[in-house]
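The domain 'PurM-like N-terminal' annotation in TrEMBL covers A:40-152. Marked as Mg(2+) 4 binding site by TrEMBL: A:ASP42, A:SER56, A:ASP87. For A:ASP42, A:ASP87, A:ASP238, the entry in TrEMBL reads Mg(2+) 3 binding site. Taken from TrEMBL, the feature Mg(2+) 1 binding site covers A:THR57, A:ASP58, A:ASP135. For A:ASP58, A:ASP87, the entry in TrEMBL reads Mg(2+) 2 binding site. Annotation source TrEMBL lists substrate binding site at A:HIS65, A:GLU291, A:TRP343. Taken from TrEMBL, the feature ATP binding site applies to A:TYR117, A:GLY134, A:ASP135, A:ARG161, A:SER240. For A:166-322, the entry in TrEMBL reads domain 'PurM-like C-terminal'. The feature Mg(2+) 5 binding site is assigned by TrEMBL to A:ASP241.
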Protein chains: 2
Amino acid sequence: MFDFDNTERTNLEEMGEFGLIDYIKKAVELTEKSTIKGIGDDAAVLDFGGKKTLISTDLLLEGIHFDLRYVPLKHLGYKAVQVNLSDIYAMNGIASQITFSIGLSSKFPLEAVEEIYQGALIACKKYNVDLIGGDTSASAQGLVISVTSIGYADADQIVYRSGAQEGDLLCVSGDLGAAYMGLQLLEREKDIYLENPNVQPDLEGKDYIVERQLKPEARKDIVELFAKLGIKPTAMMDISDGLASEILHICRQSDKGCRLYEEKIPLDQMTYDTGREFGIDPTVAALNGGEDYELLFTIAQADHDKIKNLPDISIIGYMTPSTEGCEMISKSGNLYPITAQGWNAFKKKD
Amino acid sequence: MFDFDNTERTNLEEMGEFGLIDYIKKAVELTEKSTIKGIGDDAAVLDFGGKKTLISTDLLLEGIHFDLRYVPLKHLGYKAVQVNLSDIYAMNGIASQITFSIGLSSKFPLEAVEEIYQGALIACKKYNVDLIGGDTSASAQGLVISVTSIGYADADQIVYRSGAQEGDLLCVSGDLGAAYMGLQLLEREKDIYLENPNVQPDLEGKDYIVERQLKPEARKDIVELFAKLGIKPTAMMDISDGLASEILHICRQSDKGCRLYEEKIPLDQMTYDTGREFGIDPTVAALNGGEDYELLFTIAQADHDKIKNLPDISIIGYMTPSTEGCEMISKSGNLYPITAQGWNAFKKKD
């Protein structure tokens, strides 16, 4: 995991920006019918006919969003795309294109850049998304990745954060807190490795939580499920900063309050067990850990029957008037205000 | 020019990402009718009706694309937008939205971020473009800016780099080489300042070339002029890496050759004079300097009458079969092959 095979190295300095762009152009395949023109001109050209166009963008910086000491480059490329597509699905839209820009030290060999793009292109292929452009540059400092995703939706199917109504059910896809637990595990193994490089990382039996951290999957399947079941959520967003922070976003933007049941928060057994090992309350990991990239949404009570037996969707609470505040009902039956201790990129790490 | 007034400082670490986003949201005004939803949800929503959508993106990194020792932050925000809009105009399209992402040290005060956004928003306002989203993050290293611009055009009005025909006239807007000369001047004054901080920079009478470097203007007016005159260029791109490099792009993608007349390359008198002062051939500055953000385009000979008297457009050559190569006819009448010594971001500075 901590090894990089650098036997073959092609120098980026010799290759230059155009050489690198040519390499990328050859690696990219266009399959989306809304893509008229991809890489190779001043701008890409898209055609969405009568659909609305959705745009989202993310910046990923070395030392802030990822640590190259334990994130394999291919996973990094894959995750950078997933994180961004997730925002399009969170609008109840379908992602169709991305631009992928990268700033990297000229000391990086081409093979490392290939790994990053390979990961990005695997994600594109899996999610039927075209890579249509980007920018490549040297970086005087660390690795920089910027992704913009483009998608579409019928005007009447777009779901904002602001549409939750009183009495709506608060729901979430998948399970929460696992990505955070995976991060704890990777950080621990990194520290052990840095102390003694001969010790191999011990991640055995922890595949699920490590994968949730390194290789998250955006929930396109949930958006497709909504279409199939004829459900349109009243509000939706993806969980990147932690459940608590995202619930507060929906409450604030919808001008509503909510009741969240602690016991209903979906947790995987491995998240639970690892939490016990690390002395971290799994509820706290779900509320404040972030990076789950699950969908948090509200639906009308009338849609309850359509979702009640779906294994991948959990009803975790309901919406109230804003005057009742945003509260969690703990397992012991006490009420606690939900507060966002979510990730603050400008705060120093403890 | 080298002074920053840091008397008022608001700490970004205290403010957090959401505080910063709130600040940005308040500073932004939406006026484009194709903008359905801007900042504040997972993605922005756009509606272009029957038009084609254009997308372009650029990454700007401290130490590579700009030097904060002489680039004022407001100018940096302004230029970051211009550079990106320029790509949309180079498709013969109209820019309508941008996303603006920024990664910065938590040691930056809010006032510095304000300066950058102020510059960006001045550019947006001037060019009728909405800022609809972005990402804000801490950076462990230098300042990072990533801009994606979105625009539109009627399908039959989009101009690619690949459409130049034999016999077409090779044209350029404005004048060239000034941004490069401005950079030489700023670099010289920086060196003098670093040696002796009491010496004030001497830029007197050099406003034009300094402004061309710090505050370029994308040529939306030329695209509007084409529409008014009923001209559709056969090929077009913007000049960011230098005239030579861009001519070779058009020749290669159109599978054509060309003849460029050195004496026809438009140069401002100040570019010429400063070149003499620095011992730099102004033709070389135009060919290889870059950052002019003028439009390079080809038009059919039949359109010659429509442009021949326009002061802002110069005919600098014509297109030939690809077998004749890409050659410059020098002032002394000799033929030289055009070679791109354009900017290579991965090469160390000399």
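Backbone N, Cα and C define each Cβ position, glycine as well.
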Helix, strand and coil totals (DSSP H, G, I; E, B; other) for the domain 'PurM-like N-terminal' (A:40-152): 34 helix, 44 strand, 35 coil
Those binding-site residues, out of A:ASP58, A:GLY134, A:ARG161, A:SER240, A:ASP241, that come within 10 angstroms of A:GLU291 (substrate binding site) at the Cα: A:SER240, A:ASP241
Neighbour tally for A:THR57 (Mg(2+) 1 binding site), based on other Cβ positions within 10 Å of its Cβ: 28
Chain B, Cβ under 8 Å: which of the binding-site residues A:THR57, A:TYR117, A:ASP135 qualify: A:THR57, A:ASP135
Pairwise Cα distance for A:HIS65 (substrate binding site)/A:THR57 (Mg(2+) 1 binding site) [Å, integer]: 15
Where the residue listed as 'Mg(2+) 5 binding site' falls in three-state DSSP terms: coil
Those binding-site residues listed as A:ASP42, A:ASP87, A:ASP238, A:GLU291, and which of them has the most Cβ atoms within 10 Å of its own Cβ: A:ASP87
Listed binding-site residues A:ASP87, A:TYR117, A:GLY134, A:ASP135, filtered to Cα within 10 Å of A:ASP238 (Mg(2+) 3 binding site): A:ASP87
Between A:ASP87 (Mg(2+) 4 binding site) and A:SER240 (ATP binding site): CA-CA distance (Å): 9
Nonlocal neighbours by CB distance (under 8 Å) for A:ASP135 (Mg(2+) 1 binding site), same chain, sequence gap 6 or more: A:THR99, A:SER101, A:ILE102, A:SER146
Nearest of the binding-site residues (A:ASP58, A:TYR117, A:GLY134, A:ARG161, A:ASP241) to A:ASP42 (Mg(2+) 4 binding site) - Cα to Cα: A:GLY134
Residue with minimal Cβ packing [other Cβ atoms within 10 Å] among the binding-site residues A:SER56, A:SER240: A:SER240
Averaged pLDDT, computed only over the residues in the domain 'PurM-like C-terminal' (A:166-322): 94
Between A:ASP241 (Mg(2+) 5 binding site) and A:SER56 (Mg(2+) 4 binding site), the C-alpha gap once rounded to whole angstrom: 16
